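Here is what Swiss-Prot records for this protein:
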- 160: active site, proton donor (ACT_SITE)
- 265: active site, nucleophile (ACT_SITE)
- 25-371: domain 'GH10' (DOMAIN)
- 1-24: signal peptide (SIGNAL)
């Protein structure tokens, strides 16, 4: 183990001096190296899908063969009022993917967060009836999925429906329809586009309670003949969580249901969490404290090396099980694009992605490419 660490650190130093230049000259890229392993994807924001962030666009085109919409397909954006859809940004996103021959992922159809305020309530703010919510869900899902039928490879149909302990999250959807809202969402999506792949996506999937609940949910869907193609394991990870062994246990457990695995929303935070138990709960918010923002001017060398080793270890795991995984998606192009800078505490400086704030590949990119090239 000690020898492995020494070798990795030596490689990291070497790549930090040479990889950016080599990367530019020899045509190396993540998507080329991973071509026969799995899709390598990235979330894009509207500045990128519109072409305004030119440097980011070049990174995306060179390194990634799949894209997912970071925000523009969430209901609060695409369907802000019951009888009003805003398709402009989503249309632009899909066109960007098509023009660059990418596998396009729709994110997400049913999610309790960033939910259009009208969706589950009447004009007085009271919960609508089960019949009304079913109708609204079907209209929302059918309208969006049919619009992009044949153009989007797959959809995150339901997002983050399970708690760490395995209980169903007490969302408006659950309050009104119970757990039945999940099979209904998958049913409506399949009816709208029978050829589209359908996914369930969630965070903290290494938690045993969530692992067991997701396995049960997927098995129940399959027993009922409801299509589900893959489980998305969000990769919002830290330097000391989750244990790679627990993450691997979940991968194998999910694969045991007969569906494929997707590593989604991958980022590795290097700054401390004000609460280690928030997972990736977007509603979490803490007041800024200077001591919780330890690296505003850059990472110390030892911290950078440790980050490189940890990210490389996860990619080594993904490559080990590339027969089970169909896609690995980063949650952002370069460090300055990451939501981690403002969650769960606004105004911090984090370094969670594969490309730095100057749009340069980090040393780990070279290590991933090397690892992919030697993986059978």
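Each residue, glycine too, has its Cβ placed from N, Cα and C.
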Here the Cα-Cα span from residue 160 (active site, proton donor) to the residue listed as 'active site, nucleophile', rounded to a whole number of angstrom, reaches 13
Going by DSSP, give the three-state secondary structure for residue 265 (active site, nucleophile).
strand
Cβ-Cβ neighbours of residue 265 (active site, nucleophile) (radius 10 Å)
25
So, in DSSP terms, is residue 160 (active site, proton donor) helix, strand, or coil?
coil
